[in-house]
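Notes follow once the structure below has been shown.
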Amino acid sequence: MAATPPSSQHRRPLSSSASAASLAGKPRGGGLLLGRYELGRLLGHGTFAKVYQARSADSGEPVAIKVLDKEKAMRHGLVPHIKREIAILRRVRHPNIVRLFEVMATKSKIYFVMELVRGGELFGRVAKGRLKEDTARRYFQQLVSAVGFCHARGVFHRDLKPENLLVDEHGDLKVSDFGLSAVADQFHPDGLLHTFCGTPSYVAPEVLARRGYDGAKADIWSCGIILFVLMAGYLPFHDQNLMAMYRKIYRGEFRCPRWFSKDLSSLLNRILDTNPETRITVKEVMESRWFQKGFRPVRFYVEDDQVHSLADGDNDMPELEPSEPPPPPPFPPPPPQQDDDGEESGWESDSSVASCPATLSSEERRQRPLGSLTRPASLNAFDIISFSKGFDLSGLFEERGSEVRFISAEPMQTIITKLEEIAKVKSFFVRRKDWRVSIEGTREGLKGPLTIGAEIFELTPSLVVVEVKKKAGDKEEYDDFCNRELKPGMQHLVHHMGSVPNIPSDTE
């Protein structure tokens, strides 16, 4: 269910006996939903969910809230799908993908607090007639950029169609409704997906054939159908008889209208290739002449779990106050326990209210002291030692997947300055906020620019821990940066200790 009104054939008004309050858990008498959101009008609904416009009571920011009935979801076996959608939306943070802010639950309802996209569905725009080529191209560029970003993170949408593409007030496209999405770990031993899903008019022939299919190739087929619809105003494969339409899809029987340019027709013929082995890839689409015209790769960074788009030339780094810098935050605790879906466990607890924030709220960001984070105020020696492999705090570089940590006795400003110098060697952009540094690469790719976060935590009054982790981008590029630039450049700042430092206890 998209966070905007669905197309007219799916929308119906609430009956007189059912109000928004009773359906969504909105308190009677104008109260707040779970004490946090003012629920507004119903935007639309499907079989299992309703979407309401709402407003944050703390910040006043408008949001969309998707409400699901927990009992109905469990009865129809949708709980794994819901959990997977939550995990996927947190994995694919991109300017052209609808954002998930928070997930809340009561004993009877599940609430998705999402970005409110005011412009409506792309379907509504094309229903009025075909689009101009430059307009269609811009939407297609944003669609393919978002889809390629998802694929690079092992996510395959599987239900791409104009009804699931929204347009915001700035005219930018947003991909929504990941309810049928698959992740790479769902592949069968043959490396393919086997579940039939999607809308027949937009589904690739190998999916209709109910044989194993490549999720990325199936998604790019759907993108081609969408492009054809935007440019022609009708579907390339259409027939009143469903089986006749299937035959046309299997055979690839379609014709481009005479107003399609040669480059566009060539691109569509390569996308709508019935053989997935020879079908064009996302990378090849993005390199095509028709796609490249006027294309500006999206540039963005993620900070505090918020997606921030960058305008051209917006590379300035916010300066730290030159006077007394804020104290560094305490050393971070271990990440929360996660279940097999990569989602924090406990969301379907029997407690009356459970909340699983995807980001800090605007109010929390305003109230948070400069330089502090939402972490415990203090940790004892055992907590800190447990972070280091084998209880070893010798100061050597420690690697944990996409994270690198080391201990230093150097002044924090010296460490930050060195990080900036290393980044500039690679012509990376640098952003500073308190004792955090964000290093952003310039090389574009399906995964977006490489983004590295570095943060300094106080271990003792004389020692700090520096934590570096990949926040976005290609892992190989990150590993190369760490091995060739970061580790050699920071090695002289690493503090080598003969024993574990004297860490104050909680009672001191």
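Any Cβ shown, glycine's included, is placed from N, Cα and C.
Per Swiss-Prot, the features are:
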type: REGION; residues: 1-24; note: region 'Disordered'
type: COMPBIAS; residues: 14-24; note: compositional bias 'Low complexity'
type: DOMAIN; residues: 37-291; note: domain 'Protein kinase'
type: BINDING; residues: Leu43, Gly44, His45, Gly46, Thr47, Phe48, Ala49, Lys50, Val51, Lys66; note: ATP binding site
type: ACT_SITE; residues: Asp159; note: active site, proton acceptor
type: REGION; residues: 177-206; note: region 'Activation loop'
type: REGION; residues: 311-372; note: region 'Disordered'
type: COMPBIAS; residues: 313-322; note: compositional bias 'Acidic residues'
type: COMPBIAS; residues: 323-337; note: compositional bias 'Pro residues'
type: COMPBIAS; residues: 338-347; note: compositional bias 'Acidic residues'
type: DOMAIN; residues: 354-398; note: domain 'NAF'
type: REGION; residues: 401-430; note: region 'PPI'
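Overlay of Swiss-Prot feature records on the structure.
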residue: Leu43; record: ATP binding site; DSSP class: strand
residue: Ala49; record: ATP binding site; DSSP class: strand
residue: Asp159; record: active site, proton acceptor; DSSP class: coil
Asp159 (active site, proton acceptor) versus Val51 (ATP binding site) - Cα distance in angstrom: 19
Based on the record's binding annotation for ATP (Leu43, Gly44, His45, Gly46, Thr47, Phe48, Ala49, Lys50, Val51, Lys66), what whole-number value in Å is the widest Cα to Cα distance? 14
Measuring Cα to Cα, how many angstrom lie between Thr47 (ATP binding site) and the residue listed as 'active site, proton acceptor'? 16
Could you round the CA separation between His45 (ATP binding site) and Asp159 (active site, proton acceptor) to a whole angstrom and send it over? 18
Tally the residues of the region 'PPI' (401-430) by DSSP class, grouping H, G and I as helix, E and B as strand, and everything else as coil. 14 helix, 8 strand, 8 coil
About how far apart, in whole Å, are the alpha carbons (Cα) of Leu43 (ATP binding site) and the residue listed as 'active site, proton acceptor'? 21
Which is it, of Leu43, Ala49: the one of these binding-site residues whose Cβ has the most other Cβ atoms within 10 Å? Leu43
Rounded to the nearest Å, what's the C-alpha distance separating Ala49 (ATP binding site) and the residue listed as 'active site, proton acceptor'? Just drop the number here, would you? 17
Mind giving me a neighbour count for the residue listed as 'active site, proton acceptor'? Other Cβ atoms within 10 Å of its Cβ, every protein chain shown. 19
Count, for each of the binding-site residues His45, Thr47, Val51, the other C-beta atoms lying within 10 angstroms of its own C-beta, and report the residue with the smallest count. Thr47
Limited to the region 'PPI' (401-430), I'd like the whole-number average of pLDDT. 83
